[in-house]
Amino acid sequence: MNSFPWLTTIVVLPIFAGSLIFLFPHRGNKVIRWYTICISMIELLLMTYVFFYHFQPDDPLIQLVEDYKWINFFDFHWRLGIDGLSIGPILLTGFITTLATLAAWPVTRNSQLFHFLMLAMYSAQIGLFSSRDLLLFFIMWELELIPVYLLLSMWGGKKRLYSATKFILYTAGGSIFLLMGVLGVGLYGSNEPTLNLETLVNQSYPVALEIIFYIGFFIAFAVKLPIIPLHTWLPDTHGEAHYSTCMLLAGILLKMGAYGLVRINMELLPHAHSIFSPWLMIIGTMQIIYAASTSPGQRNLKKRIAYSSVSHMGFIIIGISSITDTGLNGAILQIISHGFIGAALFFLAGTSYDRIRLVYLDEMGGIAIPMPKIFTLFSSFSMASLALPGMSGFIAELIVFFGLITSQKYLLIPKLLITFGMAIGMILTPIYLLSMSRQMFYGYKLFNISNSSFFDSGPRELFVSTSIFLPVIGIGVYPDLVLSLSVEKVEAILSNYFYR
């Protein structure tokens, strides 16, 4: 137990430092950009320091616990703590947000507000991943939505208001169910609300009530980690948002749904989860095939990448519903891996849009000749996304496969059918990714504009892309980097499932 409140510092620092941006003089955007990047870097370094020196990965209990009484009236605490499950997403958040602030250099309009919103999002995400109180979890979940809505509706594309409204309707509608679930779980069986996650893990419910709670939480998380048919906000949002916002959306926002699914639905409601997991398995397989076959029909480049990320979320659902150590570890690895790969793909799509000002794939072509570096990076990340061995996507999907096959819960025929479905999805993934690459970079289309406006990626773009590419290769070569953090915690979660 540390005396210094490390986690509170990590959560509060970005939004506190971001609110100082408005005190800056209005002279230049450069000061604001450098200030934001420095804050993100300091935050990332602080995070790594704390987790290196004060976190033991082989301990499945909650560490770095902080508990301050906040509202005496109904026993509401500011309660933070991390374990092996939340440390991966927290570090991913720090990494991706730092690179997204670096990717937002071209933003000049209202840059004070833009960078403040980026930092506010940073705080809310880390608060969500480290909160140990259900109501605090809900507050951070809601605090996330406001910056995304503003970033969408102010710095988006042509149809930005439509997609921002769609986003806020979907996610706020999901949050209603989340709030009802939080209140139901907290108020069950006592006059005093118990919101502490530690005590709620040991709470047992009647099966019917547990199923109702499970459905409520599941709808809220299914909107965020888009599970079909609640996924339609995602392609619109990604098609319109500025690409630094897209990096945050694809890298972290989608992972909040998966994290909530593991943290609340698996830990708090194990009986209902083992009842629902066959259906989840079917939904995940359907989602892999559906999104992978919808993706080639999209003209918009960003929408195509968005559908590919919906398809990759199917592997996370299958890993979570396999109820094995291997499957859940693979799902966590896929969370981290897709966080890197999705963010990089959206970043490269955005930078190439900045170069050529074309969104639709059938208008592009032949870009590989003037822009070889972007072509190389885009091809590499496409390979990582279609699970080439040696990259992180391959090892994550392989571990999910193993988890499904070794699962005690399912019979042989369902396992074979689901494996067959996953294999169909894995065949469709190279089809849309390689056709996307072909339509963008190959071909003979000569542009009407003069070639003077084409310059290859500068040092900033190269730095962002390579610094995302290194962890992808690193996790692919040595996946224990991520797995060693979560493996003890996964065993602790699955020890509740004694009737697997």
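Each residue, glycine too, has its Cβ placed from N, Cα and C.
What Swiss-Prot records for 4-24 (among others) is transmembrane segment, and it gives sequence analysis as the kind of evidence. Long-range neighbours of the transmembrane segment (4-24) within the same chain, counting only residues 6 or more positions beyond its ends whose Cβ lies under 8 Å from a Cβ of the stretch, are 31-32, 35-36, 39-40, 42-43, 46-47, 50, 54, 64, 66, 78, 80-82, 112, 115-116, 118-120, 122-124, 126-127, 130.
Taken from Swiss-Prot, the feature transmembrane segment covers 87-107 (among others), and the record attributes it to sequence analysis. Tertiary neighbourhood of the transmembrane segment (87-107): same-chain residues 29, 33, 36-37, 40-41, 43-44, 47-48, 51, 55, 57, 114-115, 118, 121-122, 125-126, 129-130, 155, 242-245, 247-248, 251-252, 255-256, 259, 332, 335-336, 339-340, 343, 347, 350-351, 354, 460, 463-464, 467-468, 471, 482, 485-486, selected by CB-CB distance under 8 Å and a gap of 6+ residues from either end.
Same-chain residues lying 6+ beyond the ends of the transmembrane segment (111-131) with a Cβ under 8 Å from its Cβ atoms: 7, 10-15, 17-19, 21-22, 24, 26, 29, 32-33, 35-36, 39-40, 43, 79-82, 86, 89-90, 93-94, 97, 100-101, 104, 137, 140-141, 143-144, 146-148, 150-151, 154-155, 244, 248, 252-253, 256, 259. For 111-131 (among others), the entry in Swiss-Prot reads transmembrane segment.
The transmembrane segment annotation in Swiss-Prot covers 134-154 (among others), and the record cites sequence analysis as its basis.
Taken from Swiss-Prot, the feature transmembrane segment covers 167-187 (among others), and the record attributes it to sequence analysis. Same-chain neighbours of the transmembrane segment (167-187): 134-135, 137-138, 141-142, 145, 148-149, 152, 193-195, 200, 203, 209, 212-213, 216-217, 219-224, 230, 232-233, 236-237, 264, 268, counting only residues six or more beyond its ends whose CB sits under 8 Å from a CB of the stretch.
Distant neighbours of the transmembrane segment (208-228): 170-171, 173-175, 177-178, 180-181, 184-185, 188, 234, 253-258, 260-261, 264-265, 269, 271-273, 275-276, 283, 286-287, 290-291, 310, 313, 316-317; these residues of the same chain sit at least 6 beyond its ends, with a Cβ under 8 Å from one of its Cβ atoms. If you look up Swiss-Prot, you'll see 208-228 (among others) marked as transmembrane segment.
The feature transmembrane segment is assigned by Swiss-Prot to 242-262 (among others).
Residues or ranges marked as transmembrane segment by Swiss-Prot: 272-292 (among others).
Counting only same-chain residues 6+ beyond the ends of the transmembrane segment (305-325), those with a CB under 8 A from a CB of the stretch are 225-228, 231, 234-235, 237-239, 250, 254, 258, 261-262, 266, 273-274, 276-278, 280-281, 283-288, 290-292, 294-295, 298, 331-332, 334-335, 338, 342, 345-346, 349, 385, 393, 396-397, 399-400, 403-404, 406-410, 418, 422, 425, 428-429, 432-433, 436, 487, 490-491, 494, 497, 500. The transmembrane segment annotation in Swiss-Prot covers 305-325 (among others), and the record cites sequence analysis as its basis.
Taken from Swiss-Prot, the feature transmembrane segment covers 330-350 (among others).
Marked as transmembrane segment by Swiss-Prot: 386-406 (among others).
Under the heading transmembrane segment, Swiss-Prot lists 416-436 (among others), citing sequence analysis as support.
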**Prompt:** For the transmembrane segment (242-262), which stretch among 134-154, 272-292, 330-350 has the most Cβ pairs under 8 A?
**Reply:** 330-350
